[in-house]
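S.K.: Feature table excerpt (Swiss-Prot):
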type	residues	note
BINDING	18-42	NAD(+) binding site
ACT_SITE	163	active site, proton acceptor
């Protein structure tokens, strides 16, 4: 990548795609990358959420933000996102796989449908999107793939077996891709948050305070993370200066797991 001028933003001239970008952590990441100078296509299965995102960001970032609604657990959905992003802004250098969400319940209370949905939302979305965006990165010998994993894979939170199976697969995808493409200018990392102060967290806290407290009890700092704290780590990993960081699962977790 070319050397930045003194006043240039670190991601100026770069193009990013953020999946799961309409809400919560994904929305925070969209805002962070825009603030760093990237042009961003946000994707989500929630069309109305994407419309609200555009309304929120249009005044400041009208020429730098695009949205595309798709089911990214299907190959065709990921291919459609790739076409839309490239047509709008050109070749993509940064992919943030943030699409996800799972059904959190005791393992034997899952149905075949909830198990499949949890794997589809978290793992298949990352697999398909990585597969369709990697060739462009390899052609330029430069790219950043950042997966949003889960600290629960490491600390074994209650009722997270299915969710951890999906996110653990994402962690494995991270190390496999990082090694495979390490000499081709593409870094692949995972940011693994603990519970984060999103709308989902608020719903859990209100609906099941006892379960929410169990999540809090494993965090030495005694609080959940903030969206901006996760987005900040993603913003660093997306930059050229993070060129020597690859294959890592980096926890943003208030100490809920260490080392």
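Each residue, glycine too, has its Cβ placed from N, Cα and C.
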S.K.: Check the DSSP secondary structure of residue 38 (NAD(+) binding site), expressed as helix, strand or coil.
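M.R.: Residue 38 (NAD(+) binding site) sits in coil per DSSP, no helix or strand.
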S.K.: Looking at the binding-site residues 22, 30, 42, which one has the fewest other Cβ atoms within 10 Å of its own Cβ?
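M.R.: It is 22 that, of the binding-site residues 22, 30, 42, has the fewest other Cβ atoms within 10 Å.
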S.K.: For the binding-site residues 18, 34, 38, work out the Cβ neighbour count at 10 Å and name the residue with the minimum.
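M.R.: Candidates: the binding-site residues 18, 34, 38. Fewest Cβ atoms within 10 Å: 34.
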S.K.: Test of understanding: give the count of other CB atoms lying within 10 angstroms of the CB of the residue listed as 'active site, proton acceptor'.
M.R.: 23
S.K.: Return the residues near residue 26 (NAD(+) binding site), defined as same-chain residues 6+ apart in sequence whose C-beta is under 8 angstroms from its C-beta, sorted by sequence, else 'none'.
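M.R.: Expected: 18, 19, 20, 42, 44, 96, 98, 99, 148.
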S.K.: If you run the three-state DSSP split on residue 30 (NAD(+) binding site), which class comes out?
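M.R.: Looking at the DSSP assignment, residue 30 (NAD(+) binding site) belongs to a helix.
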S.K.: Report the nearest neighbour of the residue listed as 'active site, proton acceptor' in space among the binding-site residues 22, 30, 34, 38, comparing Cα positions.
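M.R.: With Cα distances computed to the residue listed as 'active site, proton acceptor', the winner among 22, 30, 34, 38 is 22.
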